[in-house]
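Here is the structure we will look at.
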Ligand code: GLA
């Protein structure tokens, strides 16, 4: 809902539980008024009437109060917008009007030839913000920095606490909380992709929010390239969060006359339901507005990577497919190694045709076999990359990012294709479109296995734009492929969880959470992931024990399955080596997962206990059904476990436990908890409850 003040200079956006308000001063300064619990227009107008502090030397009266601080004037805070022409630098804008569209608001400003439009749209309680810049003048404008939004938090007497998700390869999405102090805390990626190091999300709370109580502010950026989010506590304790594409302020795009640039969306959410309430609101938002077909549950998949690595043959894949089908798997995915001369990571990337020795008649016979077994068929690709030892590179050595006269970096023996080039875009479209047309492929795992380092573009007058244009080309290619092959689902992968953000999630069906498939490490990774993203997109595989990919940890099939059942279940172990007994047990787990799948993938998530060493548990609630997944890392001193207090149930209703047949009152489960019988190390259980 959008309400506008009588003077046409105060705006109030409201969702079911929250409001966001801003207003324009007589001097066209755009000030933030309110973000938090729902308020009325009269409240916003009272706030708009409060005078700004007087001018003091050494301080700015605008810092910490503006919706979108530009460079220039009496400001010292980090600008969200920094532009220059050959003649001038910075921005002195004049208000040019506003428009209301659907549930959104557009505020237009101009500065000579540059039109700056700030966009606001309320999606339930998530405020989406982005900016468009249009060069309507004759002179070129260089955009050094154009953030998507600046978010302003209310002044609080208590200090603020910052939550973030940090990590690295095989250890992504780990939650840390720390007190915010004066100055700037910057997270981001200068790597060309979202990165394993931080998810583009922060949360802030001021008075000790808990999992289920207290006010929490969160911001998440929808961008899959280089990015930066800066949380700044200014000298007067005001806090602002500014974020957008690009890491440095050294140039994003150059707008010639008539050109426009649109920033990615930076979404903000206020919740007074603690961290759990905030996560549930983020999940609901993504299922409703971001993730394609989120009401359709994701199938149980098998992926051959950890079973065969590069040692792929059609016979071996057929045998794995037979075993996978017998377990109840619904989608069989051939990972890396099926194309070109790709028998190791040294060759073949770029040559997207089936390896003639491995698949003499192409992929269709294997796909047909998989389909005959009742499963969908998927493949792995990494379109943005090339091995120097490939036909593509030999034909087009100038298609890669490089800086002439400078040493070139290879990671995993590969280079990055310059996707900003039209000829590269066209080649990839033709190859991938043909690939999807030539064989009955239902699923594509789209990988990205190295960062940008030599992001040069010889011959291009403004090579810097490659960072942004690569991402736009990646999005356009995915969009075009999805439109041409609407039945094909896509997974975003980047060496595990290196490309997870709201931008890629708006055009993919699920993400590969981490290359770390150890079921214990995964609990912490999944705990972090769930702060922002829903189980519906969180792919999780059951692999072998001892764990081959990472740490050799030995764990039971039970523990591995219950860990992976917290998201989109997959199996990635070498089924050829699983015993008959293990295969029988696995079949039962897959069948159980299919029963709880709608609740896990579409339900509300309650994190009952975080994975900190002892007992941890999550609960999902959908309608009359609830599912609890609980894991015991290590029991100490033979201590019995405290019953698990459940959430989100109707206290006045009774619930039948499908595991024991016992009936429990909702109020008893909420206040006194559900007794658990876990013991020893790495034990786990699934409990299904149905309201009766
Ligand atoms: C990346 C992915 C893995 C696997 C390999 C294949 O590391 O994260 O799951 O697909 O590439 O090379």
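Every residue number used here counts from 1 along the chain in the order it is shown.
Glycine too: its Cβ is placed from the backbone N, Cα and C atoms.
What you are looking at is a predicted structure, and each value in this text was computed from that prediction instead of being measured.
Record features, source TrEMBL:
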type	residues	note
ACT_SITE	447	active site, nucleophile
ACT_SITE	515	active site, proton donor
BINDING	169, 335, 336, 412, 445, 446, 447, 448, 449, 493, 515	substrate binding site
DOMAIN	29-256	domain 'Glycosyl hydrolase family 36 N-terminal'
DOMAIN	616-689	domain 'Glycosyl hydrolase family 36 C-terminal'
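DSSP states for the domain 'Glycosyl hydrolase family 36 C-terminal' (616-689), grouped as helix (H, G, I), strand (E, B) and coil, give 6 helix, 35 strand, 33 coil. Proximity to residue 515 (active site, proton donor), judged by a C-alpha distance within 10 Å, picks out none of the recorded positions 336, 445, 447, 449. Considering other CB atoms within 10 Å as the measure, the emptiest surroundings among the recorded positions 336, 515 are those of 515. On a Cα basis, residue 336 (substrate binding site) lies 10 Å away from residue 447 (active site, nucleophile). In this structure, residue 336 (substrate binding site) belongs to neither helix nor strand by DSSP; it is coil. Overall, the recorded substrate-binding residues 169, 335, 336, 412, 445, 446, 447, 448, 449, 493, 515 cover a maximum inter-Cα distance of 19 Å. Cβ packing within 10 Å was compared across the recorded positions 169, 445, 447, 449, and the lowest neighbour count falls to 169. Residue 445 (substrate binding site) carries a strand DSSP state (E or B). For the domain 'Glycosyl hydrolase family 36 N-terminal' (29-256), the mean pLDDT of the prediction comes to 96.
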